[in-house]
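These notes concern the structure reproduced below.
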Amino acid sequence: MHTSIETSASPQSVDPALAAWREVDLDAIGRNVRALADIAAPASLMVVIKADAYSHGSVEVARAAVASGADHLGVAVLEEAFELRSAGITAPVLAWLAGPGARYAEAVACDVSLAAYSCAQVEEIARAAASVGGRAQVHLKAETGMWRGGAAAGEWRELVDLAGRLQRRGTVDVVGVWSHLACADEPRSSSNDAQLRLFLDAVEVAGRAGLEPSWRHLANSAATLSRPDMHFDLVRCGLAVYGVDPLAGHGATVGLEQAMTLKGTVTHVKEAPAGAGVSYGHTYRTSTATRLALVPLGYADGIPVAPGTAVRAGWRGHPVPLAGRVCMDQLVVDVGDLPVQPGDEVTLLGPGRDGEHTVRRWSDLTGRSTYELLTGLDRRRVPLAHVRRT
Ligand SMILES: *Cc1c(COP(=O)(O)O)cnc(C)c1O
């Protein structure tokens, strides 16, 4: 296995005594993107990189994704799109979360596509486009059953008529019609089919208003893997790109690889007798005489306080259980008679090579969603290093 550290934020080059860091494998992301693009074909693939690419580093992930065949990038807020443009990334970008007063004119000027959820919003976007002598690329969002953003049936008719008029006037181009699923990770939920029916209605209503957008899109990662009938022209994948299975078992069949590894350096090791109560509340007691190692990662870094935990970290291929409650900046692992020493690397969460649990397993054991686990990793406290494992 060849590993190279790509950025200067590598643990070795920044600080040899770095307490904790995140390693993101850009080659794994590239392989996941290719696998998802194959599944989506003939539909196109949008790689979703909101929230700093689910804590994986948005610019690096965007470059790796585009190099591996992603046709579009998706972000939530405009600032995330501007960051990509400033970094020289020219791929199509859609930003889907903006309110009154948002920097729409700048978005039009740097060719960022915009979601519109309402008549007021598409009017504001059109005015901003006119002010810079441009045409806004707009994706109209239909409410189909998530009840988050998007125009519900009554307003949808008005929205598509208005967008059609603005398009004829030349201030907007309706390039997309889209919606978002509430229960895609529960493939048997009846709400998936109900949302599909309402989405098809919305597309038809848009067609009757003279709109023929190139991009009709509905599917997130879970639906991309489980519902080919929902692929339409474009699928929007986040979680699966990072190699976390959105549906138990489906990711394994397509060979997704978890890209994130979280590591810490052991700061202290000591012997403890049988029956020692470890950490706050003594929720863990040693069953035999053992060795306990201290790792400088805690809930302030985004490690969940796993109750009565069965979560395991990894040391050189050996699983080592977390002992007792995770503290603010530190946690204890029970290393038994393994020869763990201060200065050794321990893997807290990763693809499993060192004996640690995956993000999916952490989620199952702690009840925190995989999305929260990834985005909860504190980006200021736990520096990021990009690596390539070919
Ligand atoms: C986050 C998000 C996605 C990606 O969802 P995953 O489940 O991570 O694939 C797709 N579309 C929208 C609108 C989103 O907010």
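The chain as shown is numbered from 1 upward.
Backbone N, Cα and C atoms are what each Cβ position is placed from, and that goes for glycine too.
Feature annotations, reproduced from TrEMBL:
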ACT_SITE  K50  active site, proton acceptor
ACT_SITE  Y280  active site, proton acceptor
BINDING   R148, M328  substrate binding site
DOMAIN    259-387  domain 'Alanine racemase C-terminal'
MOD_RES   K50  N6-(pyridoxal phosphate)lysine
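The local packing around K50 (active site, proton acceptor), expressed as other Cβ atoms within 10 Å of its Cβ over all shown chains, amounts to 18. Reported as a whole number, the C-alpha separation between K50 (active site, proton acceptor) and R148 (substrate binding site) equals 17 Å. A straight line from the CA of R148 (substrate binding site) to the CA of Y280 (active site, proton acceptor) spans 40 Å. DSSP assignment over the domain 'Alanine racemase C-terminal' (259-387) gives 21 helix, 43 strand, 65 coil. Averaged across the domain 'Alanine racemase C-terminal' (259-387), pLDDT for the predicted model comes to 94. Residue pair Y280 (active site, proton acceptor) / M328 (substrate binding site) shows a Cα separation of 11 Å. In the three-state DSSP scheme, K50 (active site, proton acceptor) is classed as helix.
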